[in-house]
Amino acid sequence: MQSVKCVIVGDGAVGKTCLLVSYTTNAFPTEYVPTVFDNYSATVMVDSRPINLGLWDTAGQEDYDRIRPLSYPQTDVFLLCFSVVSPPSFENISSKWKPEVSHHCPNAPCLLIGTKIDIRDEQTQTNKTCDKKIEPITSEQGEAKCKDIGALKYIECSALTQKNLRYVFDEAVRAVININKKEKIKRKSCLIF
């Protein structure tokens with residue numbers, strides 16, 4: 001069975017742990033406890049193939065900048081996470097997270113993940129009656145950032161409602177499988193003159 005190591009990075013409190021807990025247990029965590037480092041594992045079926053998916057949760061706080069990269073070796077795919085209701089976390093994708101993972105794992109594919117879309121959708125409804133100073137990140141902004149940083153795909157999701165949750169991890173696995181297919185084709189290609 002093929003194994004895939006998926007590391008999740010992003011600012012503190014953007015919903016990385018909720019994403020993993022909701023995906024692996026179908027339950028949404030009720031309280032926020034900052035993560036230092038945590039591991040989850042699941043056997044999943046993607047495109048009719050069993051995959052041992054190793055999920056690595058990381059600390060987003062600056063206090064852990066020096067130890068976080070210890071989880072990066074042999075990473076197959078990164079999920080760069082930001083909250084769609086936190087513009088600073090969105091900006092940190094290009095100023096901190098993409099440069100950090102590119103420095104340590106220059107060849108690993110990245111997916112850009114916008115979390116907490118349930119809150120954005122809720123705010124969109126309530127903004128009609130109240131004046132908010134912080135505008136949530138739109139899908140179009142996420143797509144533009146995805147292209148800007150060279151991520152393979154942009155996906156929005158909600159750990160609370162589980163909207164697009166399985167899709168996030170299926171696409172992470174597909175990113176690795178597709179790269180492995182391309183490498184096998186390159187290795188099998190042989191020209192004799």
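Here the Cβ of each residue, glycine as well, is placed from N, Cα and C on the backbone.
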Residues flagged as motif 'Switch 1' in Swiss-Prot, choosing from 2-13, 14-25, 26-37, 110-121: 26-37
Contact set, same chain, for the motif 'Switch 2' (57-75): CB under 8 Å, 6 or more residues outside the stretch: 5-14, 16-17, 20, 34-40, 100-101, 104-105, 108
Helix, strand and coil residues within the motif 'Switch 2' (57-75) as assigned by DSSP: 7 helix, 2 strand, 10 coil
Taken over the motif 'Switch 2' (57-75), the model's mean pLDDT: 90
Length of the line joining the Cα atoms of T17 (Mg(2+) binding site) and A159 (GTP binding site), in Å: 9
